[in-house]
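A.B. asks: This is the structure I want to talk about, given as structure tokens.
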Amino acid sequence: MTQITLTTPDDWHLHFRDGDMLGETVPATARLFQRAIVMPNLVPPVTTAAMALAYRDRILAARPQGSNFEPLMTLFLTNNTSAQDIIDAKAAGVVAGKLYPAGATTNSDAAVKALDELFPIFEVMAQQGMLLLVHGEVTESHIDIFDREKMFIDRYLSRIVEAIPSLKVVFEHITTKEAAEFVAEASANVAATITPQHLLLNRNDLLVGGVRPHNFCLPVLKRNIHQHALQAAVATGSSKFFLGTDSAPHEKHRKESACGCAGCYSAWSALELYAQVFDNLGALDKLEGFASLHGADFYGLPRNSGTVTLVKQEWTVPEEIILPNGNPIVPFFAGQKVNWKVKTA
């Protein structure tokens, strides 16, 4: 197959950041994706309906002229989140609440420190029809970073799902065999997103032959057995797994430093890289469900009506992109060849 046409896809997990950065990130995603679930981990975090609406306005202002791209907003859950916060957010069009264990990722220090205290909030979310999006890692310093996802499933996620079966839960950016199995075996109200980097790479790509800071993300890349389990999950075509890039931009100097930031900025190549993965797996027929259908269905939103066409044509991801403030950012897969390319009119 040398060409494939898909229903216009959506990105069910990304980071736009804020300020000048929106001038880069919003057009990069809007070029292909109709909708995107926007993460709320700004400084300060998006904890109220009013903050979500204001952030949405800033994103809309950064859309390219003529674009009808739609940002889908989320609420940053903390131990101070109230039932009224959830009700107000739902009324304002916020589609989901995001659970970050405190310290799990960029700008998450204000997040949840006592998870059990949030169960009443999860109940309200279920009643309101608001989804729970989960960064599924424990954060205690004595727990090995490669074990934190499995530990979160055992300690928390299994209990949340069991206690509130009507709550729709997205286990975001899963990275392990255990996570893929948990989602596959859970009820129809549990799904997961998978990033391009966790399908394409494993921890050798981070650590062998030198540290590769632009492959560093959280949750961290795992052993190849976990990479293969994720590939197997998407190759089944199961509606429980769908596209979420976790595209997460950081300026070059913040990645290439003594204490580099976590995140892969994949917006310029994500769909093409997913196509490469599915092609390599002999599962191109499953790409449309993963990229364009399963997420919308799980969120209870209409499927998109447009289409995007990819052709089998080699191109090279740019080494750098210059941000509106003049600083460079290194995109994911920089300088590497990709086998699929979006067909432009």
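Every residue, even glycine, has its Cβ placed from backbone N, Cα and C.
The active site annotation in Swiss-Prot covers Asp246 and is backed by sequence analysis. Residues or ranges marked as substrate binding site by Swiss-Prot on the basis of sequence analysis: His15, Phe16, Arg17, Asn41, His135, Leu218, His250, Ala262. Annotation comment: Swiss-Prot describes Lys98, His135, His173 as Zn(2+) 2 binding site, evidence class sequence analysis. Here Swiss-Prot flags Lys98 as N6-carboxylysine, drawing on sequence analysis.
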A.B. asks: Tell me, by DSSP, whether His250 (substrate binding site) is helix, strand or coil?
C.D. replies: coil
A.B. asks: Sort out the sequence-distant neighbours of Lys98 (Zn(2+) 2 binding site) for me: same chain, 6+ apart, CB within less than 8 Å of its CB, listed by position.
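C.D. replies: Those within reach of Lys98 (Zn(2+) 2 binding site), by Cβ under 8 Å and sequence separation of 6 or more, are Met39, Pro40, Asn41, Thr74, Leu75, Phe76, Leu77, Leu133, Val134, His135.
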A.B. asks: Using a 10 Å cut-off on Cβ-Cβ distances across all protein chains shown, tell me which of the binding-site residues (Leu218, Ala262) has the largest neighbour count.
C.D. replies: Leu218
A.B. asks: Under a criterion of Cβ-Cβ distance under 8 Å and sequence separation of at least 6, what residues of the same chain contact His15 (substrate binding site)?
C.D. replies: Thr25, Val38, Met39, Asn41, Thr106, Asp246, Ser247, Ala248, Pro249, Gly263
